[in-house]
Each structure stands twice: as C-alpha cells, then as structure tokens.
C-alpha cells in the first residue's frame, strides 16, 4: 500500500495511526544512540590480548630487525607491520607509512602541508591560491568534509552511485577548473552508502586529465577488510594504476586499525608514491621524531600476518552482521509496503544509508530525538550539512546491543512514517 497512492481520507487514517504509534513510542522513554559508527564493547573485547603485549621479556620490545621500539626514530614505522597491511591494501610495502592512532590526523596533515608548502607538482602553496575546491561524493563522510571546510576550502558535492562517484560529472569538473585540488574517496564500503568503487571507476579517476597538476585522490580505505560476509573485497593497487596512467603522485591512501582493534589506540597508515612518501615525512618530521612503535609491535604480534587480520575481521562480522540483518528486516517490515523510503543493504562497512520521504529527514530526526532516539543530524553526510532533498539519514547500528538496535530502528521507522504522512497530507 503505497502512501502516495492513498486518497486524503485513507492518508488521514494512516496519519492518525502513526500519531498513536508515536505516542506509544514516547511513552517508552527510550534512551538510544545511533549517531556514530563505533565498535561495541564486545568488539573491543576481541582485542584485549593487546593489553599484555609486547610482553616484558628481555627482548620483548625488539622487532624482527632488532629495533628497540622504545626509542626514537623509525619515522616510516615497523617494516613487518607495514608488510601485513601492504598485503591487505594491495600496495608495495616500501610505499606505506605506519603511524600513530588516527588516519584522520594523516589526512588533516596532508591538507595542512599542502596549504602551507604545496604538494608535489604544486606551483605554489594552496594557501596562496585565490580559491581552492575539493570534490565531495555525497552522501559521504562528514569528518572528511569538515577538514576541508575548516580551512576555507570550498566543498563541491558530486553524486555517488553503487559503483562509486559519478565519474562523468567529475571528469567534466576537473578538466577545466584548476582550483579543484582533490576529491575525498572511501573506495570500499563507502560511508554511509556502502558503495565499493568498481575497477573501471578507479581507472578513470587515476587517468582523467585535470586542470590542476597537483590534483589529489584522498583515498580513505577505512573499510578495506570490514566485510559483513565471509568474503573480502580484492584490493586494488591504486598506486600502480596511477603510475601506469602517468599520475603517480595523485593518490594518497589512508587506512587504520581503528575498527579492527582498539578505536582509540590503533595504528594508522598512509600509502603513496615514493616521492609523496618523502614529501610527507619531510614535513611530518618537523613535528615528530617517530610514531608509537611499541603499539605497532603490539599489533604486529597480535596479528602475526595478514590472515590474522582477516580472522579478526570475521570475529567482528559474527558480532555485527546480525545487527545489520535486523536493520534490513525491520525497515522492510515497517516501511517496505508504504514506499516512503529506501535504504542500502551493505556487504560491509559500518553504516546503513536511509532515504526517507523527500523533505522529511530533518523532521524524522527531530521526532526521533523527542522520542529518546539519537540519530546523526539530517544532512550531515553532505557538504555544509545541506542535503538538497532533505531525505538522507545515516544509521550506525554497530555500537548498540541487538535489542537496542531493534527498538531504535523500529522507533525510527515510526518517526519516518509520521513525518511522511504529515508531508503528504500537506500536498493534498
């Protein structure tokens, strides 16, 4: 029964039903949170073995090369840990840096270094340009957009599809506008849509002519191994493809263990051409003599090898896949027949992207808040928090317990239905 096909009387009856459902929802006095994609306590417990590593034996603090990880130095990170993640990311180990906890910090630093000093191929520092723009596939990751926005860089939204961003649009924009210096990308299980970039899209992104010679792909491979199935996405060597296309310096690849081990005490990674690695370390070396190598050694011993990481991710999958399945089940049961919403069914990552009736996302989120269900601000997945259709809501089901996920999604569905009937009645 599509709500849009209902006459006014039937629609009014539905509206009254949803008002009653909403009153019952408020009476429950819930206090639930779907706002951020955080690992649950049970997921964090999977990595408690790190807390007893690297151990206290005579040489427990030395890596396989004999390096004393307690001391200064080693700006590129431990080679053995880099080798594990080079395999997982499909990159040469010599083109990978292992850093401290936050890959977001490496992204931030890369933008700051470009603003202050210019990147390789830059005619001048970005801060000396009258205008700097960044392309933002949307819906996308709000913290990416926040970095560029905070420095006065103009965020330009571009559509994203199931196989990645709309390259037809991107190619036209970058070919003629030298102020466009880069694009934010989440190539595997994109936040929040779950899209995985096709090889064709990746090839076009590294090959396309750009008016800015220093154009950068900010390649945040945050969910490279974060599958919700028993299969992993085959890594694509974006650095190799870019080099073959004559644009070796275009990609800056980022990743971390934040949603693999401890979100607040992991290891970050930056992959790039040899020249870009030297550029980054030259500037990063002014603020640090080296990363936390003891923590890197912990992770090396905890994982052992790339298969150890894959086994860890399957343990994560066992905990969170039922939550994603429950979200899909409830949304279909509550919203499917009414045809007032659509949503993604991701194969990996941390989010479900819900599109409610156009013009009602803010109202839906406000209703949810008043019923004790915290949801990410409507529009947050778009540059400047401006969703042109006011329809997108990001759902983060990993942190709450399974019963809380059930209550939160069921309640959110009630709010979406009520908001839709309000909007449709206003049109009739």
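Note: Cβ is positioned from N, Cα and C throughout, glycine not excepted.
Cross-referencing 48, 191, 276 against the pyridoxal 5'-phosphate binding annotation in Swiss-Prot, which names 72, 102, 103, 104, 105, 222, 223, 224, 225, 256, 257, 258, picks out 191. Neighbour counts were taken as the number of other C-beta atoms within 10 angstroms of each residue's C-beta; across the binding-site residues 256, 258, the minimum falls on 258.
Of all the binding-site residues in the record (72, 222, 224, 256), the one with the smallest CA separation from residue 37 (substrate binding site) is 222. According to DSSP, residue 256 (pyridoxal 5'-phosphate binding site) sits within a strand segment. Neighbour counts of Cβ atoms within 10 Å were compared for the binding-site residues 222, 224, and the top value is held by 224. Residue 103 (pyridoxal 5'-phosphate binding site): 23 other CB atoms within 10 A of its CB, across all protein chains.
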